[in-house]
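Worksheet: one structure, shown below.
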């Protein structure tokens, strides 16, 4: 009974993630919001930034979990989203009038709700799947990337010509989903698994991941033909069926023999006896104590190494999983290097997704904005699923998770430089797909990396501290794009008036922005290799000791 309840909790987590990635569809209604409010591109960028600024208060969700049960935090998130998006919908429908400053605050509140939803899902996966934590996180978080595709189907099923409908859905759908998930979340925390249970659990994840891939392909391929209401309703029914199907998927695995057949050698550290774990920790600490910036000479004196060695070894993490308080986290060089890589990588692609509506419009693809938003969302979904690759491939090719993060950032500069070279629909589609894959991997892997580097029990607070760079990056990168955009509005041959609002048309509206973003993302790739080099020894040590435990 306990095992079936934990799978229901994971599935409820995927439902919450699937319907609460409301920041992905900002581009779908941003042009209408700009027209109704009568604001400039710079002011619209501030609204986009406001949603990201809400993430700066995401740490409050981690703190609130210290005092309130999960279901209370979940409902608080749902009602914040209802107020934040619901009132914006009333404004865009011209039912009420609110000054720009209050709309800005509503965007902040809506963005904060997303963070609270995410924290609930992170904590659920960390608490109930200690043996396969990274895979559970990747599977759950991946469905957040499907949100835009799902909302596109729902909107088209109701009224494909009303882009303002997204705001109403953003407020109502997460609330309904949260209420539906409440009975499932009232479950006790799972106990530590025995080795045979871990085998079956691992195979369950493989089945659920295959099903998730099929769901992503379904949303990616069929979303492009969902323009008529009738077709969209049929496709939406199929998508809902695929989301509900995992409820029965874990029942497919019946015997321990099947688990042994598929993955006979998989053993998690959580399955060993307490004595073995104590011996393992002692081995890790002995190895860690020998790693430092100084080397002992034969006469006992200490000799300082090169500047490069000093930088790579000084105050680096030597043990994975050690709990870090917020104050200790701030003193860690590894954290700030990780912060910089995320700032120049993951945060930058969020700004791209927020500007995707204006980018598509400027390049002449206004009627296909929903397609590009759904494409980004679906590719983000697959990127998030791919973040589980290090765990599925551990016995064949083992690399530090920070190395996977560095390689995942490489497609981002390629995408931006592709847009510098071409403004065709094919180039925009390819760039959007590359950025989506890269961002999805980064967003999902970052949760596991934060948990591994700075402790699983502190991840709820520490990961929200990490993503405080999102509002800062949203402001700086978005402001850069808006300034370039506004500068081109001064050229009469590039201005078009739509719905009473000036729109910049042509490649020049964003080409300089793409060049700047490409260079910044290159910095992100370069900086991401520093945390990898500094944490590689800790990951290698963990893997050697895991192999030792397996042999003994």
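We number each residue from 1, going along the chain as drawn.
Yeah, the Cβs are placed from backbone N, Cα and C, and that goes for glycine too.
As annotated in TrEMBL, transmembrane segment covers the listed stretch 234-253 rather than the other ranges in 234-253, 254-273, 274-293.
Among residues of the same chain six or more beyond the transmembrane segment (369-387), those with a C-beta under 8 A of the stretch's C-beta atoms are 21, 24-25, 27-28, 31, 134, 138-139, 141-149, 152, 155-156, 209, 212-213, 216, 219-220, 223-224, 353, 356-357, 360-361, 404, 408, 428-429, 432-445, 448. Only pairs six or more apart in sequence are counted, and the transmembrane segment (514-533) with the transmembrane segment (427-454) gives fewer than three Cβ pairs under 8 Å, not enough to call it a contact. Predicted-model confidence for the domain 'NFD4 C-terminal' (322-536) is 84, expressed as mean pLDDT.
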